[in-house]
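Residues or ranges marked as active site by TrEMBL: B:Asp13, B:Glu72, B:Asp144. As annotated by TrEMBL, Mg(2+) 1 binding site applies to B:Asp13, B:Asp144. According to TrEMBL, the feature Mg(2+) 2 binding site maps to B:Glu72.
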2 protein chains.
Amino acid sequence: MTNHLRHRILGIDPGSRNTGYGVIDSDGRHSRLVASGCIRVGRQPWPDRLGLIFDRVADLAGEHRPHDMAVEQLIFARDPTAALKIGQARGAVLCAGLKAGVTVHEYSPKSVKLAVVGSGGADKAQVQHMVRILLSLAQAPGEDEADALAIALCHAHSMGIPQRKRAAASWRDFRP
Amino acid sequence: MTNHLRHRILGIDPGSRNTGYGVIDSDGRHSRLVASGCIRVGRQPWPDRLGLIFDRVADLAGEHRPHDMAVEQLIFARDPTAALKIGQARGAVLCAGLKAGVTVHEYSPKSVKLAVVGSGGADKAQVQHMVRILLSLAQAPGEDEADALAIALCHAHSMGIPQRKRAAASWRDFRP
């Protein structure tokens, strides 16, 4: 039924506590949900948290065998301590993807919002709503899952567009 | 000749461009240099840089088979963008160590300086000088290598001290 949706994408939204993930199949215009969830790490020491994130992302890549992985590119951060923590989690996520042999793509938060909502300044509720619509879900996914799925959808809509033009083109490409 | 220096430690100083490393053998009081150097990553995209750092640290762990890995604990950072980059590099380093089955230890910059120089406010030149003395080197190692070796020496001097007392005790324990 859905074998025309040939391209499998793993979207990840890394965080120091919660790392959202979403797997979709897509043909670049239409997409369907394969799996989504959240990797929650507790209060254990940092190296152990990173090990957990690395292992779970490696498991997801092994289980779902995505063609591509898409991760939000963090350019700005207000709080240096938080940036350091998110940076570490991001390092673990990217290394796990690379070690699993998956091509890793990065998108700015603005281009992710543009791709799924059509506005670079969209709020979390709008992203959740549009992810539900685009994937024909019965209900809106949680925030972390929605963000990860939005990143995956952003990559889906950018496929076939040269890397340097993606941020600008992602919404235009999606619009039906 | 040096088989009493039974404990092998890999010290790493992660950076977004240069990641220093140093391998020492130690009995907790006396140490000798095994290897040191710097992993330099260029201007390639971030995922590739992290993959390089991960692979090189994994190679070092495989080649030298350290008992422990010691990494500086970054608590403060002034610039959020720099913190994000260093955080990513740190995530790659820690994951590579964990995946190689090495126990990872973290030390604050202050406790590293205390352990090798005796002052938490020591500058880079002092650290380089004391690393040269403590390892009986013909000349002072480069900054990144010296920092990595200082972290390894800090762990060496802390061995046998309970984790929660290490920062305070590391210098006292070293003093002959």
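Placement of Cβ uses the backbone N, Cα and C atoms for every residue, glycine included.
In the structure shown, the C-beta of B:Asp13 has more C-beta neighbours within 10 angstroms than that of any other entry among the recorded positions B:Asp13, B:Glu72, B:Asp144. Here B:Glu72 (active site) is positioned 12 angstrom away from B:Asp144 (Mg(2+) 1 binding site), judged by their C-alpha atoms.
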